[in-house]
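Student: Sharing a structure, written as structure tokens. Questions coming.
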Amino acid sequence: MSFDLAARLAARRAEHLYRQRPLLQSPQGPQVVVDGQPLLAFCNNDYLGLANHPQVIEAWRSGASRWGVGGGASHLVIGHSTPHHALEEALAELTGRPRALLFTTGYMANLGAVTALVGQGDTVLEDRLNHASLLDAGLLSGARFNRYLHNDAHSLAKRLEKATGNTLVVTDGVFSMDGDVADLPALARATKARGAWLMVDDAHGFGPLGANGGGLVEHFGLGLDEVPVLVGTLGKAFGTAGAFVAGSEDLIESLIQFARPYIYTTSQPPALACATLKSLELLRSEHWRREHLAALIRQFRQGAEQIGLQLMDSFTPIQPILVGDSARAVRLSQMLRERGIMVSAIRPPTVPAGSARLRVTLSAAHSEAQVQLLLSALADCFRELQAEPSHA
């Protein structure tokens, strides 16, 4: 018996679900070159426009000159350098928590935290729309795994009644495909009432949300008691790469001892930590970035509603336009690209069947004029698609 990979690939093509990697031939930013074509992009997660910031680039360059290029070893051997330590202290300060721990990727942070905290005989409860890394972590933990209805504290409470052992409730802060936010106060109340812990992956909230860019937990004014485990990524609003878990002294020490994705991997380049420290400095000093981004979000939503587009409930930089049919979403993405604008079509299995969408993401690096160009192109494309015979 052999693996029939060709048949699997053919089936995916037939369902309009086949994915290909665009080749980026320029730095990240609103104006990019993809597969040789200049495009105005609305599909990256560089929410504050820091990925190509000259000061961040210089911090990386000078960090490489001082500390070299590679991490060289795992953190527990000889890979934990002074820049790593300084970044962990800065992230602890940003989150208002005693400690923070660096991970190489967001996927590894989620996998490491969940599997270190729960196992056989325990329970992990997750929002049904959580990121794949969180769902995988729950499944791989060995704990009893169950999902509650999306953003539904009542559904969570019913499942908490049946939980056994140490119980970890896990949710995204901002849901990456819908752009809506978790009702953290309600989830925290339900979780705390049953003596469970709440873990929040705020990958898309850090930077854009909160009074100081501290994310959704800061937005709601929640502390360590309500959210004992807080995860963030550095490759989105901070414009670099990596991730972290923030929490109590005991939590971080436990992760150092028991989180296998932390223990058994080489540390990130020290120069990368230098660059991220500069990003954090810019987050504190350049408040206009968050203010400008908020204005662009308002501009886009008002314009999209005037066109009659079906938006989702989001006040974040993630602004999905619900299309429904996968082939139609791909067609709209292609039509936009023909007009020099890049917006990704998101299809199953990333989103539920029948809910394909265009996923617009906005950045502080965009201008009001660029957002208006996007709105005009969307109006033209939707009007043109409706006039085509197959969609009339």
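For all residues, glycine too, the Cβ spot is worked out from N, Cα and C.
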Student: Among Thr82, Thr233, Thr240, indicate the single residue that Swiss-Prot lists for the pyridoxal 5'-phosphate site containing Gly106, Tyr107, Ser176, His204.
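Tutor: Candidate in the recorded pyridoxal 5'-phosphate site: Thr233.
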Student: Largest pairwise Cα distance, Å, within the listed pyridoxal 5'-phosphate binders Gly106, Tyr107, Ser176, His204, Thr233?
Tutor: 14
Student: Just to be sure I understand: of Arg19, His131, Ser176, His204, which binding-site residues have a C-alpha no more than 10 angstroms from the C-alpha of Lys236 (N6-(pyridoxal phosphate)lysine)?
Tutor: His204
Student: When you average the Cβ positions of Gly106, Tyr107, Ser176, His204, Thr233 for the pyridoxal 5'-phosphate site, which other residues in that chain have a Cβ within 8 Å of that mean position?
Tutor: His131, Ser133, Asp201, Ala203, Gly235, Lys236, Ala243
Student: Looking at Cβ-Cβ distances, which residues of the chain lie under 8 angstroms from Tyr107 (pyridoxal 5'-phosphate binding site) while being 6 or more apart from it?
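Tutor: Sequence-distant Cβ neighbours: Ser133, Asp136.
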Student: What's the CA to CA span in angstrom from His131 (substrate binding site) over to Ser176 (pyridoxal 5'-phosphate binding site)?
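Tutor: Rounded to a whole number, the Cα-Cα distance is 7 Å.
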